[in-house]
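**Q** Sharing a structure here in structure tokens format.
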Amino acid sequence: MATMDEPLYPIAILIDELKNEDIQLRLNSIRRLSTIARALGEERTRKELIPFLSENNDDEDEVLLAMAKELGVFIPYVGGVEHAHVLLPPLETLCTVEETCVRDKAVESLCRIGAQMKESDIVDWFIPIVKRLASGEWFTARVSSCGLFHVAYPSAPDQLKAELRAIYGQLCQDDMPMVRRAAASNLGKFAATVEQNYLKTEIMSIFDDLTQDDQDSVRLLAVEGCAALGKLLEPQDCVAHILPVIVNFSQDKSWRVRYMVANQLYELCEAVGPEHSREHLVLAYVRLLRDNEAEVRIAAAGKVTKFCRILSPQLAIQHILPCVKELSSDSSQHVRSALASVIMGMAPVLGKDATIEQLLPIFLSLLKDEFPDVRLNIISKLDQVNQVIGIDLLSQSLLPAIVELAEDRHWRVRLAIIEYIPLLASQLGVGFFDDKLGALCMQWLEDKVFSIRDAAANNLKRLAEEFGPEWAMLHIIPQVLEKINNPHYLYRMTILQAISLLAPVMGAEITCQKLLPVVINSSKDRVPNIKFNVAKVLQALIPILDQSVVEKTVKPCLVELSEDPDVDVRYYANQALQACDQIMISS
């Protein structure tokens with residue numbers, strides 16, 4: 001009797017836990033569906049588990065979401081693709097619930113299952129579900145149905161295809177804005193599966209209705225449809241149907257729609273082609289750059305470089321540059337920040353002369369902007385300008401501003417400058433670097449912010465790699481070692497870190513002669529944090545140094561530290577001693 005009851009046991013647990021008042025137990029149970037399905041076997045999963053789930057009317061969205069997700073990968077547990085249709089009823093129910101994320105997940109799972117089903121099964125099982133949902137009394141079902149048409153349509157016979165197109169057309173004219181929104185956002189996916197002759201007639205007529213919808217939330221989704229449909233249509237049809245819509249949308253009374261056009265502009269230009277973009281979209285883009293809503297200007301400013309790449313340099317200078325000048329002193333800091341993040345990319349498009357004459361003054365004004373993010377965005381892209389105008393001009397015009405920013409009150413700006421220094425150094429060369437930037441690199445080692453000190457130590461290592469150990473021996477090592485006597489222990493710790501980073505670049509001889517004595521000396525420091533950092537640095541130096549030096553100098557120091565009163569110092573000293581022993585054994 002026990003063996004008879006055994007297979008029933010997992011389903012009994014599931015049913016009990018699914019009805020449990022504790023949501024966590026119900027969730028755990030749903031997440032274990034695949035385990036339970038394996039225990040039950042394919043046939044009982046189809047006949048018992050799935051019907052049970054179909055009847056389960058849990059009111060917790062979290063449980064329903066987990067169920068929608070699990071069912072999407074359940075085909076192997078019900079006996080493969082030929083039985084996939086048994087998973088559709090519970091998902092159909094989930095497509096009608098109120099919570100959006102549950103519906104979205106159910107639609108995603110239905111699409112995943114539908115993509116694996118045989119054509120005949122799609123016609124027999126999947127399409128009826130789409131039709132039922134599309135004619136559902138409650139709007140949630142109709143919203144969900146919009147996301148399923150692109151899976152159902154390719155497998156349908158001609159008569160059913162005509163019916164599906166008609167149903168989709170009705171959904172686009174539904175009384176509920178939520179349904180029209182869903183239809184608008186899925187139109188591109190559905191249109192991609194529709195035959196070319198119907199695309200030009202029926203789909204374009206549906207699209208025209210959506211572009212004139214009285215709800216801006218529907219129209220802004222139709223903007224995305226412009227780009228998607230533009231890629232499906234022939235170029236001449238695209239110009240005839242899509243281009244006028246884009247131009248109208250760029251002047252829409254709702255700023256959200258104009259924002260969407262500004263955001264999608266490059267994709268829209270790709271859809272209509274560069275020639276027509278130059279002819280018809282430049283003025284629309286200029287309007288967006290001068291829009292009275294800051295959000296629209298932000299989106300438009302962020303696309304300025306991409307848009308200029310489509311244009312000839314003359315057109316960009318004539319139409320776009322005047323707007324860029326205006327935006328560089330825009331009242332909104334976020335507009336200036338968006339512009340600063342892309343404006344450097346305009347330099348290669350405009351060429352050397354126009355960059356020097358027109359763009360450099362804009363770069364300089366943005367480098368001196370009161371808002372740190374604006375300054376930051378310019379600094380991080382300076383190399384793009386350097387490639388166009390050359391380092392001499394860059395250093396004359398922008399370097400004073402960079403030096404000023406190196407002492408900026410916002411630490412993130414200082415950090416961006418530090419990270420840019422090695423690149424600048426490689427471009428400026430040793431002589432120029434020593435004159436103008438060398439002192440700054442040392443100054444940062446004693447910054448009040450840890451991230452700056454940390455970056456400054458890494459910066460010295462990268463400079464030593466760039467200019468070589470001989471240069472570092474003259475210009476970095478003496479100044480760094482001087483600072484080990486700083487009265488504040490945090491600055492002394494930074495110097496120890498700098499030593500451990502520089503040692504591999506400098507090589508064994510310089511490390512042994514110059515760096516090691518300073519580290520050994522610091523082991524007598526009164527601050528435990530310095531002492532355990534000495535142990536860490538010594539551990540890092542062991543592979544670089546000769547074995548004789550490790551035995552005579554490093555090990556005695558570590559043994560002394562391993563007897564320190566402080567527990568952390570002892571711990572790191574013992575770690576370093578173990579590393580010593582391992583190297584001895586391996587050699």
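Cβ coordinates come from backbone N, Cα and C, glycine included.
Where the annotation comes from TrEMBL, it is an automatic prediction and has not been curated.
According to TrEMBL:
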| type | residues | note |
| --- | --- | --- |
| REPEAT | 10-48 | repeat 'HEAT' |
| REPEAT | 164-202 | repeat 'HEAT' |
| REPEAT | 203-241 | repeat 'HEAT' |
| REPEAT | 242-280 | repeat 'HEAT' |
| REPEAT | 281-319 | repeat 'HEAT' |
| REPEAT | 320-358 | repeat 'HEAT' |
| REPEAT | 359-397 | repeat 'HEAT' |
| REPEAT | 398-436 | repeat 'HEAT' |
| REPEAT | 476-514 | repeat 'HEAT' |
| REPEAT | 515-553 | repeat 'HEAT' |
| REPEAT | 554-587 | repeat 'HEAT' |
**Q** Quick one: DSSP breakdown of the repeat 'HEAT' (554-587) into helix, strand and coil?
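**A** Each residue of the repeat 'HEAT' (554-587) counted once, the result is 28 helix, 0 strand, 6 coil.
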**Q** Six or more residues out from either end of the repeat 'HEAT' (203-241), which same-chain residues have a Cβ under 8 Å from its Cβ atoms?
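**A** That would be 165, 168-169, 172-173, 177, 180-181, 183-185, 187-192, 194, 248-249, 252, 254, 256-257, 259-261, 264, 267-268, 270-273, 276.
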**Q** Looking at the repeat 'HEAT' (320-358) alone, can you tell me the average pLDDT?
**A** 83
